[in-house]
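*Asks:* Quick one: structure below, then a few questions.
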Amino acid sequence: MGHTRRQGTSPSKCPYLNFFQLLVLAGLSHFCSGVIHVTKEVKEVATLSCGHNVSVEELAQTRIYWQKEKKMVLTMMSGDMNIWPEYKNRTIFDITNNLSIVILALRPSDEGTYECVVLKYEKDAFKREHLAEVTLSVKADFPTPSISDFEIPTSNIRRIICSTSGGFPEPHLSWLENGEELNAINTTVSQDPETELYAVSSKLDFNMTTNHSFMCLIKYGHLRVNQTFNWNTTKQEHFPDNLLPSWAITLISVNGIFVICCLTYCFAPRCRERRRNERLRRESVRPV
C-alpha cells in the first residue's frame, strides 16, 4: 500500500519561480527601506529632504509638490511658490538643499508621512522625475509622574493618585504590583487643544493594613516612564474592642470612687490639725 501525501506538501513544479519571487520580494524590501525617518521634539525644527536637485534654469520647466498624507503642504510651479495655511509663516522651502522643506515650531499634528513629487516638462507633458517619502515622528517626553496619597476616613483603605502632563503621543497608564496589572478606579486622558499635548491621571485604592509596592507605568509610543509607591504598615499592638465587660468597668469605677473617699476621710483630720497648729504658732509669737 502506497503512502498518501498530506495536502499542501506537493513539490514545486518550477523551482525557478520561487527563486524569482524571492528576488522580487528582496527588491521591494530594498525599495521600502528608502523611506527616510526623522524624529524630533515638539517645538523643534525639522528638515525634510526630497533627495533631489533642480537647477535654477530648470525651475521654469519643473513642478514640485510637498504633501502630507494627500494634503498639500507646499507647491512650486514655474518658479512660483505656494504654502498652505496650516504651514504658513513656519515653513521654509530650501531649493538649494535637495528641495527640502524646513518646518519650524513643530506641533504634534505635524507627525506623519510626507511625499515629495518632482514633475519635469518633457515632450509636451509633465512627467514624474522623482518621488521621495519622509516619515516625521514628533514626540514630547512626559515628566516622571508624581504619586500622592491620602486616607479615606472611617476605613482601612488608602487612595493614591498618579499623574503627569505635557507629553505626546497619547499615553496609556497602568498600575502594577509584582508584575501583575491592577484595576484602577478612574483613569483620565485629556489633550490640550492649543498645545496638542496630553495629560493623564489615575486613582488606585488599596488596603493599608498590608505592605505594598505599586508601580505607575505610562507608555507613549515606544517610550515609557514610571514611578513607584511603597507602603509599609507600622507595627502596632492592636487590642480588641471592649477588652472588659461593662459590668467590670462599672465595678472598677465604683471602687475607685470609694478609695478616693476613704483617702479624703483619712487625711482630712490631719490637714485640719496642721492648719490649727499653724494658727496657734503664729498667735504665740505675736508681740504684746
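Cβ coordinates are placed from backbone N, Cα and C, and glycine is handled just like the others.
The model shown is predicted, which means the values in this text are computed figures rather than measured ones.
From Swiss-Prot, here are the annotated features:
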type	residues	note
TOPO_DOM	35-242	topological domain 'Extracellular'
CARBOHYD	Asn53	N-linked glycosylation site
CARBOHYD	Asn89	N-linked glycosylation site
CARBOHYD	Asn98	N-linked glycosylation site
DOMAIN	145-230	domain 'Ig-like C2-type'
CARBOHYD	Asn186	N-linked glycosylation site
CARBOHYD	Asn207	N-linked glycosylation site
CARBOHYD	Asn211	N-linked glycosylation site
CARBOHYD	Asn226	N-linked glycosylation site
CARBOHYD	Asn232	N-linked glycosylation site
TRANSMEM	243-263	transmembrane segment
LIPID	Cys261	S-palmitoyl cysteine
LIPID	Cys262	S-palmitoyl cysteine
TOPO_DOM	264-288	topological domain 'Cytoplasmic'
LIPID	Cys266	S-palmitoyl cysteine
LIPID	Cys271	S-palmitoyl cysteine
MOD_RES	Ser284	phosphoserine
*Asks:* Could you measure between Asn232 (N-linked glycosylation site) and Asn98 (N-linked glycosylation site) for me? Cα positions, answer in whole angstrom.
*Replies:* 61
*Asks:* Can you tell me how the residues of the domain 'Ig-like C2-type' (145-230) break down into helix, strand and coil by DSSP?
*Replies:* 0 helix, 60 strand, 26 coil
*Asks:* Have a look at the glycosylation sites Asn53, Asn98, Asn186, Asn211, Asn226 and say which one has the shortest Cα distance to Cys266 (S-palmitoyl cysteine).
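*Replies:* Of all the candidates listed, Asn211 is nearest in space.
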*Asks:* Which has the fewest other CB atoms in a 10 Å radius around its CB: Asn53, Asn226, Asn232, the listed glycosylation sites?
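*Replies:* Candidates: the glycosylation sites Asn53, Asn226, Asn232. Fewest Cβ atoms within 10 Å: Asn232.
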*Asks:* Cα of Asn53 (N-linked glycosylation site) to Cα of Asn98 (N-linked glycosylation site): how many Å, rounded?
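*Replies:* Just about 5 Å between their Cα atoms.
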*Asks:* Cα-Cα, whole number of Å: Asn186 (N-linked glycosylation site) versus Asn207 (N-linked glycosylation site)?
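*Replies:* Computed Cα spacing between Asn186 (N-linked glycosylation site) and Asn207 (N-linked glycosylation site) is 17 Å.
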*Asks:* Given Asn211 (N-linked glycosylation site) and Asn226 (N-linked glycosylation site), what distance in Å do their CA atoms have, once rounded to a whole number?
*Replies:* 20
*Asks:* What whole-number Å value do you get for the CA-CA distance of Cys262 (S-palmitoyl cysteine) and Cys271 (S-palmitoyl cysteine)?
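*Replies:* Each residue's Cα considered, Cys262 (S-palmitoyl cysteine) and Cys271 (S-palmitoyl cysteine) end up 14 Å apart.
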